[in-house]
Amino acid sequence: MAEPSQHAESMATISQDENWWSRPCGIRELLLIALPLIASTASWSMTNFVDRMFLFWYSPEAMAAALPAGMLHFTLLCFPIGLASYLNTFVAQYDGAGRPEQIGAVIRKGVKFGSLMIPAYFLTIPFAAWAFSLVGHSAEVQQLEVRYFQILTFGAGASVVSAAMSTFFTGRGKTTTVMFVEIGSCMLNVVLDGLFIFGFCGEWLEGIPGAALATSLSQWFKVVAYLILLYRPAISGQFGFLDWSHDEPGLLRRIFQYGSASGFQVLLEVGTFTGFTFLMGRMGITAMTASTLAVDINALTFVPLIGLGIAISTLVGREIGHADPARAAVATWSGLCIALTYAGGMGLTYFLLPDFFLSAHAMGMEPSEFEEIRVLTIVLLRFVAFFCVFDAVNLVFVSALKGAGDVRFILTVGLIFSLVLSLLAGTCLWLDRIHVEGLWVAMTSWVILLALTHWARFFTGQWRNKKVIDPA
């Protein structure tokens, strides 16, 4: 437990400085870092939204197949991307400690790790048909799932490499660069989606294959862009990208020690969610399509908040590196205010204006065909309204704990809650008493428990004594 004086110090900082807006690590500084990242992650959300919408217009079966296949693909990405993205904390703490020469070594090791993952993902291609045969979807949907997953693997390694490269900018608070790269990737993906999915570039790319290829090519675009930016002489010289003499002993070990815990935590949470999307597929095409729509609409809230979470981790890491945990606490509470304002507003619109979010999808179908999907999706959006608020709270405190280096606790909590939820789902499946509303009740309860647990950990202050870098 943290000493009471630590809590008093934090509260004094919050109450005595100028105001929440202008103080160091206050809302203004956090937004300056977060807004470009929010724009970046919003572009991910927009890419997925347009991708699924085009597939929905092409065929409801294609869209239904895209969610489980995409989630399985992302589940396999979670550990490597979670590890690569955690380099953000190393960069932030080295930046706060005034040791820029170590930043190049961190990024260099991340790029090597990502490069090793490129051939590793190709090894998953032969197992795709077997994996999707286990979940009981219709033969037509299974075939589409396999094709989508297999083509996505060609861009999987690029996702890991670009995630590692981007931390050079996010960890130092230079987030505008990342915004331009991500928006460029999004624009390329959307254009290629339109050309490929609807057959403008040949029948062999029409539908699911075109959507997957567009996503893969957009990931490689980011790698090329970051390579050009990182290996400019002024940057590579200042931060030691080409200088191996400054590598700290044990740096690689610490990257894997902390990054692996972060990666496994992300894998657990996304893997649990992926399992539930597979269960939804057992309830028929209507339930699966409605759940896919609900998840996609929720992404409009959650995905932009990922950018806020990265900004919180950056400021917390910087202040921990600068030996000022009280200031790191201010950054976290500032982030909570922003997250609750945004997620609360979005949750309210899910309750009051559900048809606003469904109107674009409705344009691609006959009204009579869409009505059954619409009715169920509106019910699910009521669950999403609660889910997104507590998910935002969870994201804020997980990001703060990760920025400090308290990743083992996060991993332990994720393991326990994911195991409990999986056992509950398995029991319901065995008893044949599973239904789509029950699944969403379980997922909402899961994220509420995660949010409360991570808030309690942050409040105790044990994260204040954590650090991922060695003393100078």
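Cβ atoms here come from the backbone N, Cα and C positions, even for glycine.
For 30-50 (among others), the entry in TrEMBL reads transmembrane segment.
Here TrEMBL flags 70-92 (among others) as transmembrane segment.
If you look up TrEMBL, you'll see 113-136 (among others) marked as transmembrane segment.
The transmembrane segment feature in TrEMBL is assigned to 148-171 (among others). If you look at the transmembrane segment (148-171), the same-chain residues 6 or more away from its ends with a CB under 8 A from one of its CBs are 37, 65-66, 69-70, 72-73, 76-77, 80-81, 84-85, 87-92, 94-95, 103, 106-107, 110-111, 113-115, 117-122, 124-125, 128, 131-132, 177-178, 181, 208-209, 211-213, 215-220, 222-223, 226-227, 230, 239, 310, 314, 317.
Listed as Cβ neighbours of the transmembrane segment (178-200) (distance under 8 Å, sequence separation of 6 or more from its ends, same chain) are residues 36-37, 39-41, 43-44, 46-47, 50-51, 54-55, 58, 166, 169-170, 206-207, 209-211, 213-215, 217-219, 221-222, 225-226, 229. Sequence annotations record features per position, and here TrEMBL assigns transmembrane segment to 178-200 (among others).
Annotated transmembrane segment per TrEMBL: 220-242 (among others), in sequence order.
Annotation source TrEMBL lists transmembrane segment at 263-285 (among others).
According to TrEMBL, the transmembrane segment annotation covers 297-316 (among others).
For 328-353 (among others), the entry in TrEMBL reads transmembrane segment.
Here the transmembrane segment (373-397) has Cβ contacts under 8 Å with residues 60, 286-287, 289-291, 293-294, 297-298, 301-302, 305-306, 308-309, 312, 332, 335-336, 339-340, 342-344, 346-348, 350-351, 354-355, 357-358, 362, 436-437, 440-441, 443-444, 447-448, 450-451, 454-455, 457-458 of the same chain, all six or more residues outside its ends. According to TrEMBL, the feature transmembrane segment maps to 373-397 (among others).
Here TrEMBL flags 409-432 (among others) as transmembrane segment.
According to TrEMBL, the transmembrane segment annotation covers 438-459 (among others).
In summary, the transmembrane segment (297-316) lies against the transmembrane segment (30-50): three or more C-beta pairs, each 6 or more positions apart in sequence, are under 8 Å. For the transmembrane segment (438-459), the neighbouring stretch richest in Cβ pairs under 8 Å, chosen from 220-242, 263-285, 328-353, is 263-285.
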